[in-house]
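Database features (TrEMBL):
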TRANSMEM  20-39  transmembrane segment
DOMAIN    42-75  domain 'Connexin N-terminal'
TRANSMEM  77-97  transmembrane segment
TRANSMEM  128-150  transmembrane segment
DOMAIN    141-208  domain 'Connexin cysteine-rich'
TRANSMEM  185-209  transmembrane segment
Amino acid sequence: MNWGVFEGLLSGVNKYSTAFGRIWLSIVFIFRLLVYVVAAERVWSDDHKDFDCNTRQPGCRNVCYDHFFPVSHIRLWALQLILVTCPSLLVIMHVAYREAKEQRHRTAGGDECHRIYPNPGKKRGGLWWTYLLSLIFKAGVDVVFLYIFYHLYRNYTLPRVVKCELAPCPNIVDCFISHPTEKNIFTLFMVVTTCICVVLSIIEAAYLIGKRCRERARRTS
């Protein structure tokens, strides 16, 4: 997976964001994306290999691992980061569409013609709605993944030992998770940063709506 694509995407949308959006961008890039790439991937790299059960019954370890870890932490985080950054791409595409339309208009009418978009990156009209919906989508994605993690891994923590009695295990066997403390620390760190991003997205959406309401109130007064 080429994480440089995400770096370019997040950097490109920075100039179209509010102050809250830039804080959100910094948290996503530094505290979520880089931590994922530099550290979290390595912690979970030996997840299946070091999942050890006190039995040699063929297939027991694989069945128990699949039961307790139906989806890997690291793959869920990767999917979450992809979905969270996709709305930023829509904002960039909308601005690029405005710039191309403005360029075609100036080419057809000359430099002295009336400009359709004096500032294509300014959040007005359809771009305002695109930006607002992107904030709602990003917050919604993070909330959904918080619920998924909580549902799969109760209280966002991993036990040191799990008991498994699924076939073909001969009886109730103890299975041991590798580096449970380290994984719990990373899990809680990602949960906390996700919650901060949700709060920032909600604040930014409220700021945009409040600013628009104030502008309309001044026009009517």
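Just so it is clear, glycine is given a Cβ too, placed from its N, Cα and C backbone atoms.
Note that the coordinates shown come from a computational prediction; the quantities given were computed from them, not determined experimentally.
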* What same-chain residues lie close to the transmembrane segment (185-209): Cβ under 8 Å, and 6 or more beyond its ends? -> 18, 20-21, 23-24, 27-28, 31-32, 35-36, 39-40, 43, 73, 77, 80, 84, 123, 128, 131-132, 135-136, 138-139, 142-143, 145-146, 149, 153, 156-158
* Structure fact -> Beyond a gap of at least 6 residues from its ends, the CB atoms lying under 8 Å from the transmembrane segment (128-150) belong to 16, 24, 73, 76, 79-80, 83-84, 87-88, 90-91, 94, 156, 187, 191, 194-195, 197-198, 201-202, 204-205, 208-209, 212
* Asked: When the domain 'Connexin N-terminal' (42-75) is classified with DSSP, how many of its residues are helical, how many are strand and how many are coil?
  -> 14 helix, 2 strand, 18 coil
* Asked: Between 0 and 100, where does the mean pLDDT of the domain 'Connexin cysteine-rich' (141-208) sit?
  -> 88
